[in-house]
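Notes for the one structure printed next.
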């Protein structure tokens, strides 16, 4: 395709047009600031130092280490000793000034203190132990005025900002996340930057904002900031790890940091010259040496002179200004929460479905209750379920609080709203939403046949609603004052467990132990249950059921000599007052009905205030940032205090002189040359809505070649990489993938390496363990274990990871830094020795320029050694791009604009584009040039490519390669997995156990949960006697042991999901091990910890309650409880496996356990259950557990009734009680006994004679 010369001339002025557009849009945005806020003016900082927690390295906090720390805390000597917390200096004596309208670039390798400097200048100091020095602002007050037309200005500004950031097309699209599909990663990054930009701040601090953006988009964003900073007279501070010459030219000043030391601060134009001036003998080697040279320079003296604060200055206050008043912040937050509810349809549809299913299940289970005494227990059981649903629903609040916390902290820093306004807005949004949730439960009320009057219905509704609101803010308050979800599970679980126990149903208030009965007064569930029980039963009248009439039979026709064997009955009267029953059985008083609603309202107000205060106190945790945790410390003869000052040798771009192609002693482990040709032809990927992500993309990878995949954000780079690696699972894919001209073998997954952009690792594994697992499971079984381990050590040396080989990978900020994690990611794939090719997705993203070049040079060495590499890359420098052999360049829509060799100094591809557009300048980065010219939407680069001679040449070469067919599996095994199944299971189970062992919070949390819940059960039913109430207590104590299940599930599910996500994201795609290996290993590793927790709980519970101590009965009870504990673990993992996130799984846990517990026996005894549901008992594990352990506990237990439990009836004249009731006791279904058979007037009857009779009422078998 011939492009006219005029077109190429027009392309040369496109930059000027784009610059004019930016200036116009920025001008409009600045002009709309009718109510300009107060400006800080010049920012001055003098001798600014920051001290952080920790010393940079620690032992990993595994179970033995945690126990050791607990023992030390238990020592009285530890109580009085006041050893200072370990600390280290993160930033040292930073001095300088940022004038109005200036931009300061902060440069340094990761860990040098760039982020710390930005936070210190922005006055965000709560994360650090201490800060020293001062930050001032010159007083330059610009008083704000009210905007009379705020709504129209907001809409205008929105459109302006969307155009500035290139987000017009994404304006109405859901942002999404790792689990919810939305906009692209680059667009998501721009949304975050736009959010901060819209604050109209006087001081902007951006920490590596161009990470994840292509160079063209990055330069545009920096241009926008340059224009806005100049026009609005604000100040901008920004750290950049990979800054091009074009980017540097936009800044006024540069700050260079090295391990917290200032190496340079001054004008950007002098930054290159100053290091050269410092290279005088002796040459500075350590960061402190460079700092000393800087202090001797004229630039330091200029910074000190500028930092001498004039008279009209004041200390920089903590940020306090908000654009909106507090009440308006509450309103905006409330509206936002409504929008979240309405747009997150999946969550509320699932919640509504689950609640309605629960309501229908319970409604059919307890349906059509009649006004007879036999239905009183089931009616109260149904009321208890209404309360239980509220408790389980409210307990899920704690998980959602942690999900929202990062967003809240970010927007708090941006001064969008006070955290207290967010809290109150969330509570106000809950007011109608919780009511809707209760309305889902309406089938319960109408199907069960609760009292059908408006007064009773709305009283039931109000009681449940107010109780739900109180419980919700109560559990939310726990989350607000807890640092992590793992630690919040303990108080949430214990509180839920205690609240359920003391609802008043399991153990009635008259039967509560004196020392624990006070708990019910702090239990909102108790107040709900008492009110709805009084509302439903208190003013009713119930006819005595035939089974409750004593004595009964053909002989007994006169009710004068009969009674109803139910609490609250009157001798000679077979009609029972609901008020007397509820008072005698539960101790509930009718006058408390509305009082309880008021108490729950007070609970709601109190904890709402507490949540508001707690959110106002939200801080980023003062963690030991940038700390590396070791399995064992690599230093043995150096004290901790000394280690903080030891300078580590600098990491150079040279790989330690290790030559992967040399014939040294590691020759046996070096990379074998790859002889496979990987090709793809006419690949297209189309979504269901017709959108094309890839469009007829063709190409190939020659053995030992290194190919770059580039394009603008949203061009489809990662999509193409995932497609080539067979990791795409959306849309319709057409075209072909070939290895040596043949279809891909099933072993393709494990014979290729894939380095993810996000560095997916199990945080508890050490570097060496991660590489060893990859080598053991992905290399063929024919290779000995010794050879695999030797190869791992070679890779560790190759990647210069000897000093961190035994370090736990951790998470960013509490583990390895970004560059080291990237090396680990590459090492994991190299340990598997992929013999086909190696995919890398953005391996240099987030790294500084030196580290990025080091990674690319490493890839070059691997390629030279025979490894085929395909790599996506966003912002390569000219040095980096020249390391590649070929380039595949995409534009939005997944269309190809070029595929072929780069040529020496990229001359081949530059000459190609220069035929159709402006030439590349001598000083211009070729990568920036290619992205800039290909982003011109006025030129149809795809059509130019299709009609170019280069395209025809590549097509001919592709067809030649496809016709040179060779069996791709001939050079290696075509098995999907490299090693046998049992070896997979052993290796993965060992890793899972180590993962648990190094998470002391999880293991000790499980122990603590079982200790506290066992103690609560044991103390609540302490040393029960043989009377009727305590016999009931024996049965319900067993049921209380069952309600530990939801609590333990909340703790098990996050651990399972962490392992599952690791498997699905990387190991499953790479065919490391079979999916069933994961599920079995996850269950196997849970067993010992589950059995330990079960043992602790059972010992505390069984003997405190006073069950049988004999070995046969105690042994049976122990076996049954351990089996129940295993069932809990397996059910929790099943629930977690069915849901994508921890929050979704924990929300579903309440529903799952409600269904499971419904058919356990005591809550809905089989004799009273409708026939349509009785089959469910045959498949209910909890029914067998309670039946077995209940029968074991109650068999041959003689029951004696105390005074209040005795039922009275009169005997006829001239007859003793025994003779009169003889016919009744001869009946097969008769239970109980007469206490005074020889009496002739009032007969005293006990409803049950022994435990077997009592159990038969719940379990007829």
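Cβ coordinates come from backbone N, Cα and C, glycine included.
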Stated Swiss-Prot location of transmembrane segment, expressed as one of 385-405, 406-426, 427-447:
427-447
Transmembrane segment range according to Swiss-Prot, out of 554-574, 575-595, 596-616, 617-637:
596-616
Swiss-Prot annotation of transmembrane segment - which of the ranges 1017-1037, 1059-1079, 1080-1100 it falls on:
1080-1100
So which range, 975-995, 996-1016, 1038-1058, gets flagged transmembrane segment in Swiss-Prot?
1038-1058
What range among 455-475, 518-538, 644-664 does Swiss-Prot describe as transmembrane segment?
455-475
Write down the single range among 1136-1156, 1157-1177, 1178-1198 that appears in Swiss-Prot as transmembrane segment.
1136-1156
Whole-number Å value for how far residue 1068 (N-linked glycosylation site) lies from residue 716 (ATP binding site) (Cα to Cα):
23
So which residues does the transmembrane segment (488-508) touch in its own chain, when a touch means Cβ under 8 Å and the partner is 6 or more beyond its ends?
380-381, 384, 387-388, 391-392, 395, 398, 402, 471, 474-475, 478-479, 482, 516, 519-520, 523-526, 528-530, 533, 585-588, 1005, 1008-1009, 1012-1013, 1016-1017, 1020-1021, 1029, 1033, 1036, 1039-1040, 1043-1044, 1046-1048, 1050-1051
Recorded positions (575, 713, 1226), the one with most neighbouring Cβ atoms at 10 Å:
713
For the recorded positions 557, 718, which Cβ has the most other Cβ atoms within 10 Å, all shown protein chains included?
718
Selection from 455-475, 596-616, 1080-1100, 1136-1156, the stretch that has most Cβ pairs under 8 A to the transmembrane segment (1038-1058):
1136-1156
Rounded Cα separation (Å) that holds between residue 575 (N-linked glycosylation site) and residue 718 (ATP binding site):
76
Enumerate same-chain residues with a sequence separation of six or more from residue 1068 (N-linked glycosylation site) and a Cβ-Cβ distance below 8 A; give 'none' if the list is empty.
1075
Could you give the residue numbers and ranges of same-chain residues that sit at least 6 residues beyond the transmembrane segment (1136-1156) on either side and whose C-beta is under 8 angstroms from one of its C-beta atoms?
179, 347, 350-351, 354-355, 357-358, 361, 385, 388-389, 392-393, 395-396, 399-400, 403, 485, 1045-1046, 1049-1050, 1052-1054, 1056-1057, 1060, 1079, 1180-1182
In angstrom units, rounded to an integer, how far apart are the Cα atoms of residue 1226 (N-linked glycosylation site) and residue 557 (N-linked glycosylation site)?
17
Going along the chain, which residues six or more apart from residue 717 (ATP binding site) have their CB under 8 A from its CB?
709, 710, 711, 872, 890
